[in-house]
Amino acid sequence: MPKTISVRVTTMDAELEFAIQPNTTGKQLFDQVVKTIGLREVWFFGLQYQDTKAFSTWLKLNKKVTAQDVRKESPLLFKFRAKFYPEDVSEELIQDITQRLFFLQVKEGILNDDIYCPPETAVLLASYAVQSKYGDFNKEVHKSGYLAGDKLLPQRVLEQHKLNKDQWEERIQVWHEEHRGMLREDAVLEYLKIAQDLEMYGVNYFSIKNKKGSELWLGVDALGLNIYEQNDRLTPKIGFPWSEIRNISFNDKKFVIKPIDKKAPDFVFYAPRLRINKRILALCMGNHELYMRRRKPDTIEVQQMKAQAREEKHQKQMERALLENEKKKRELAEKEKEKIEREKEELMEKLKQIEEQTKKAQQELEEQTRRALELEQERKRAQSEAEKLAKERQEAEEAKEALLQASRDQKKTQEQLASEMAELTARISQLEMARKKKESEAVEWQQKAQMVQEDLEKTRAELKTAMSTPHVAEPAENEHDEQDENGAEASAELRADAMAKDRSEEERTTEAEKNERVQKHLKALTSELANARDESKKTANDMIHAENMRLGRDKYKTLRQIRQGNTKQRIDEFESM
């Protein structure tokens, strides 16, 4: 039995190990990979490897793996990557896994600056990436620094703004919070809908020369071929939709494109190496085939996939709605519980206050009772003294009378009687004054006792009211394959039919233009970042983008502009560049 060969395939989010036979073809390995990851939209993808000359190459599906220019190492290393891009992600990408693989690959391209992305769009895209990873923002879970381990912005953007990590996190967090209620899968799709409007999205660039020898860029994408000046890969100058091309071929470094318009000359350019022309041919064939397929009714398989995807999405939405409903119920229950706890605490506090007031009133009552007793004792003492003085006065009166009688009876001498009379009169006067003073004091004490008695009655009434307040009970708790071409030339007929006249892509608008929410977010971010921007660190692409914005250009307006005029006019324009 022949010895097996170890193979390692790296997808955007996983690493797969396989053992293949020496006679295993590229298609057999590819089929094994897509089956393992559960991918059905296989037409976008391919297996990439570094050949013996360190060039990045796509594995040919119709040849044995071992017969290709793969480095002889163990295990053999391949990357599973998107080779072709859709025109419109929301219309064409059906499965969640397809959307996720595109999302991860596009995000990597943006973060590595392979796809130019302006700062404000980069921050908005970062917030969707965060929503797809973490779900809804939760301040209890997503504490300060929760994005510290994530690479979310291109290094260029970080260097162009005077903001530290915390300040960047704050800005991304604000937009993360804006996406509350959005499913992770929907966040992925929203990311791609904005990213596909970036000028460099989905474009394969090749360095070419025209007949004059001018160095230019050829851009191959889902919509056709575009020509760029050497110093500007954002703004194509001439465009040829796939519907205008009937044949593509190369002979060594010369590449020839024959237009459908028989009156138009051939579109000829030169690549620096034969292998580049082979790759251009393969990409043209694959993109053209997908372009034509999109303009025909969906196959039964695609219809079934779309129906299944709709059903799965509906199921997820139902589950999400159920979860949201349960979450709301739980939150309401928590709030009700908190409210009851709060009311309970308030009532307990009130009860405590009443108890303290009652205790204080009791103490005051006791104090007033004590004072009342003291005043009563004082009153009795004053009364007793007044009675004693009255008695003494009476006795003095009696003595006086007796003396008077004795003077009459005994005829004492006038001087003696006068002296005794004077003494007694003085004594009576003193006793009378003392009596009046004591009576005055008794009246004063009587008034004080009366006031204390009134305070006592009032306190008793307050205590009675406090004690009669009902006891508060504690509330109860609620709860294509690259054509295998060994030779230096190859040709491919690009079939066309009535559907080829469908150039609906020229009517498209950007997500920002048709989505008011995205437009508002981008304007707010542009304004917010302007104050922190270091103008001295602007790149050439930044300046080109700014100029395009000033002139009101976007990807689709430029597309319409560069396709104006007939094919001959555009080929002549290419030759004169």
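Cβ from N, Cα, C; glycine included.
The following features are taken from Swiss-Prot:
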| type | residues | note |
| --- | --- | --- |
| COMPBIAS | 358-401 | compositional bias 'Basic and acidic residues' |
| COMPBIAS | 492-518 | compositional bias 'Basic and acidic residues' |
| DOMAIN | 2-295 | domain 'FERM' |
| MOD_RES | Ser74 | phosphoserine |
| MOD_RES | Lys79 | N6-acetyllysine |
| MOD_RES | Lys83 | N6-succinyllysine |
| MOD_RES | Tyr116 | phosphotyrosine |
| MOD_RES | Cys117 | S-nitrosocysteine |
| MOD_RES | Lys139 | N6-acetyllysine |
| MOD_RES | Lys165 | N6-acetyllysine |
| MOD_RES | Ser407 | phosphoserine |
| MOD_RES | Ser527 | phosphoserine |
| MOD_RES | Thr558 | phosphothreonine |
| REGION | 322-342 | region 'Disordered' |
| REGION | 358-419 | region 'Disordered' |
| REGION | 468-518 | region 'Disordered' |
| MOTIF | 115-120 | motif '[IL]-x-C-x-x-[DE] motif' |
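What Swiss-Prot annotates, mapped onto the structure for a quick look.
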residue	record	DSSP class
Ser74	phosphoserine	coil
Lys79	N6-acetyllysine	strand
Tyr116	phosphotyrosine	coil
Lys139	N6-acetyllysine	coil
Lys165	N6-acetyllysine	helix
Ser407	phosphoserine	helix
Ser527	phosphoserine	helix
Thr558	phosphothreonine	helix
Taking the Cβ of the residue listed as 'S-nitrosocysteine' as centre, how many other Cβ atoms lie within 10 Å?
28
DSSP helix, strand and coil counts for the region 'Disordered' (358-419)?
59 helix, 0 strand, 3 coil
List every residue in the same chain as Lys165 (N6-acetyllysine), at least 6 positions away in sequence, whose Cβ is under 8 Å from its Cβ.
Ala148
The region 'Disordered' (322-342) resolves under DSSP into 21 helix, 0 strand, 0 coil
Which one is closest to Tyr116 (phosphotyrosine) in space, judged by CA to CA distance, out of the modified residues Ser74, Lys79, Ser407, Thr558?
Thr558
Shortest C-alpha distance to Ser527 (phosphoserine) - which of the modified residues Ser74, Cys117, Lys139, Ser407, Thr558:
Cys117
Distance, Lys79 (N6-acetyllysine) to Ser407 (phosphoserine) (CA atoms, angstrom)
151
By Cα-Cα distance, the member of modified residues Ser74, Lys79, Lys83, Cys117, Lys139 nearest the residue listed as 'phosphothreonine'
Cys117
At the Cα level, what's the spacing in Å between Cys117 (S-nitrosocysteine) and Lys83 (N6-succinyllysine), rounded?
21
